[in-house]
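See structure below.
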Amino acid sequence: MNEKSDPNAIPTTKEQRRTSTTRYLKLNRLPTLQEVLDRRTKPPLDLFCFYIFLQRESAEDALDFWLDVQQHENMCKAYFKDIKRSGRTIDEEWPEFANYARTNGSHFSPLLSLSTSATPRQPNSPNPAQGDFSPRSNQGEFDSPTLGGTTRERRDTESHGNAPRSSMLSPAPSSTMNELGMGRPQNRDRPSMTPSGKMSLRGKFGGGQVPKTKAPTVIARDRAIEKSALIDGAERIYLRYLLPGAEREIYLPPSLRIHDFPISTPDSASPMIPDLFHAQKVYIFKALEQDAFPRFLRAKAFGNLTPLGSFVRLIVGLVCLWGGFVLAFSLIFLDWKPRLTRLWTILPFIVALNLLLSSYYSLSPLLALFNRSETTPFRHIKVKEPYVRKLLTIRALWIELVCILITAILVVIFTVVPGHRL
């Protein structure tokens, strides 16, 4: 396979990312989840804003898991390429994995020069290593995946409903695991998964903090990837996200849970290491795509306010509306002359309606005018997506039109009503 000509390949160089981003910006539509994860989009629909959105919903662990597994698979891909560049074959370097790939299939097969082609276990499943997450005919393999976990059962019940049914995808049978040497990992404080110490978006910046930059797309390294780095990375992912009772345990259906980690050493690595989390990664991607990502698009492409920002505008808008009615009725019952003095009620009414409609639509026309969008409460970022800028401008004009119309009706009513001094 010629990876340079593959249109679905994940961009790994600056030139490829610039080309893919330029190609995306020419499309007059909202981005897909894969385009956001590939870092082809711009604020407020970039990976940074998506991560903050998930943080607000306490669901960022799912995205962290996907990013860490993506980095693990990129490391495996780099490892296989290093073997190919050295002139050796996978049968010489890692014969156990070569036999495993021939028997069970692997989504790394296009990179391997195997003498006999294997039939993949999931022939219709997407290929994240090449950025392929297009819809397939086997949509029934994932039954309404949702985000969450056993450590967040209350939030799952409130936000996502009942837990999803078992997936048709499952890890290798227990007999196969026993043959390959499955057991508990011995070291729970493994180093980071790359030789240079790079970590995922959340892992790099610590718990609870908003990341300042994007996670690296290209693995920074000054030497060839070793098998021990693949083992360390896989064990770190297992201990962080999949070990029962882990601090950041993510929800997976029973058929996709990994109860034991393959016992591996640098001299005898388990052949399951490269593909160990592939099915779980696909499940998490579909969970994000069906649950969190549509809400993210509604919040950021059709609005520019956070929930707290909308709530504050609601409170201030109600206070201003109350002040407008107090002023209007005071001028009527004081029979203030001249009657045109009542036109001053236009000020509190138009401010109040602007704030109330901004809260209702989660869109501030003033922020849209300056191409700004809230990331966290009262902290803004510039809107750089052309299509989103157009959507926000249209919706802001609609809000202003409704605001002016309602204000005009209220002012006319309170102006023409005869005064009566009490």
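Residue positions begin at 1 at the first shown residue.
Just so it is clear, glycine is given a Cβ too, placed from its N, Cα and C backbone atoms.
Curation does not apply to TrEMBL; its annotations are automatic.
Secondary structure of the domain 'RGS' (36-94) per DSSP (helix as H, G, I; strand as E, B; remaining residues coil): 42 helix, 0 strand, 17 coil. Feature annotation from TrEMBL assigns domain 'RGS' to 36-94 (among others).
Positions annotated as region 'Disordered' by TrEMBL: 111-212.
The compositional bias 'Low complexity' annotation in TrEMBL covers 111-120.
Per TrEMBL, compositional bias 'Polar residues' is recorded for 164-178.
Feature annotation from TrEMBL assigns domain 'RGS' to 234-306 (among others).
What TrEMBL records for 314-336 (among others) is transmembrane segment.
Here TrEMBL flags 343-363 (among others) as transmembrane segment.
Taken from TrEMBL, the feature transmembrane segment covers 396-417 (among others).
Through the fold, the transmembrane segment (396-417) approaches residues 324, 328, 331-332, 339-340, 342-343, 345-346, 349-350, 353-354, 357-358, 361, 363-365, 368-369 of its own chain, all at least 6 residues removed from its boundaries and within a Cβ separation under 8 Å. Here the transmembrane segment (343-363) has long-range neighbours at 299, 302-305, 307, 310-311, 313-314, 316-321, 323-324, 327-328, 331, 392, 395-396, 399-400, 402-404, 406-407, 410-411, 414-415, meaning same-chain residues at least 6 beyond its ends whose C-beta is under 8 angstroms from one of its own. As a summary of secondary structure, the domain 'RGS' (234-306) carries 36 helix, 4 strand, 33 coil according to DSSP.
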